[in-house]
Amino acid sequence: MTTFTHINSQGEANMVDVSAKAETVREARAEAIVTMSKETLAMIVEGKHHKGDVFATARIAGIQAAKRTWELIPLCHPLLLSKVEVNLEPLLETNRVRIQSLCKLTGKTGVEMEALTAVSVAALTIYDMCKAVQKDIVIEQVRLLEKSGGKSGHFVAEEK
């Protein structure tokens, strides 16, 4: 049976010791979906939001969040990320925005939490910038899409 890596033999939370692990190229992709009204999405896409470019702001927020994941998630290691990418795609037919991230490094631990944090904070930034015009925006389906590198192997999520 697989065990929780962040719990020691006394049942206490602790940071995993990665000092003996080999450095490998590690990559993770994540996504989040933000659902809003047709009018709110149109305002964003047409550049008519009074706060400015919502997607550019969300992209930068997601990148910044990935770089600071270790400050937000208590047992995450500080990582020297070599790449962080955040893409936002308006899905006009469903009044949604698909946010996807890619995080990459050569190191001793994975970058899943950084990828998940990137999409989460990008989604929260969209909500923050749009809450004045719509309060019932929904953030959903925050999930890991893919990870590679390390001894746990390659993971690819099932399509939804």
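These residue numbers are counts, starting from 1, taken along the chain as shown.
Quick reminder: no glycine exception, Cβ is built from N, Cα and C everywhere.
Given the structure is predicted, the values throughout are model-derived calculations rather than measurements.
According to Swiss-Prot, the protein carries these features:
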BINDING   L75, C76, H77, M113, E114  substrate binding site
ACT_SITE  D128  active site
Inquiry  = Distance check, please: Cα of D128 (active site) against Cα of L75 (substrate binding site), rounded to an integer number of angstrom.
reply    = 27
Task = If we count other C-beta atoms within 10 Å, could you say which of the recorded positions E114, D128 has the fewest?
result = D128
Message = To see if you understand the setup: which same-chain residues, six or more apart in sequence, place their Cβ under 8 Å from that of M113 (substrate binding site)?
response = T69, I73, C76
Ask   = Given the substrate binding site residues L75, C76, H77, M113, E114 in the record, what is the largest Cα to Cα distance, rounded to whole Å?
value = 12
Key: Non-site residues, in chain order, whose CB comes within 8 A of the mean position of the CB atoms of L75, C76, H77, M113, E114 at substrate   = T69, W70, I73, L79, T109
Remark   = H77 (substrate binding site) falls, by DSSP collapsed to helix, strand or coil, into coil
Key: C-beta crowding around L75 (substrate binding site), within 10 angstroms   = 12
Remark   = Counting every protein chain shown, other Cβ atoms within 10 Å of the Cβ of C76 (substrate binding site) number 20
Remark   = The number of other Cβ atoms within 10 Å of the Cβ of H77 (substrate binding site), counted over all protein chains shown, is 15
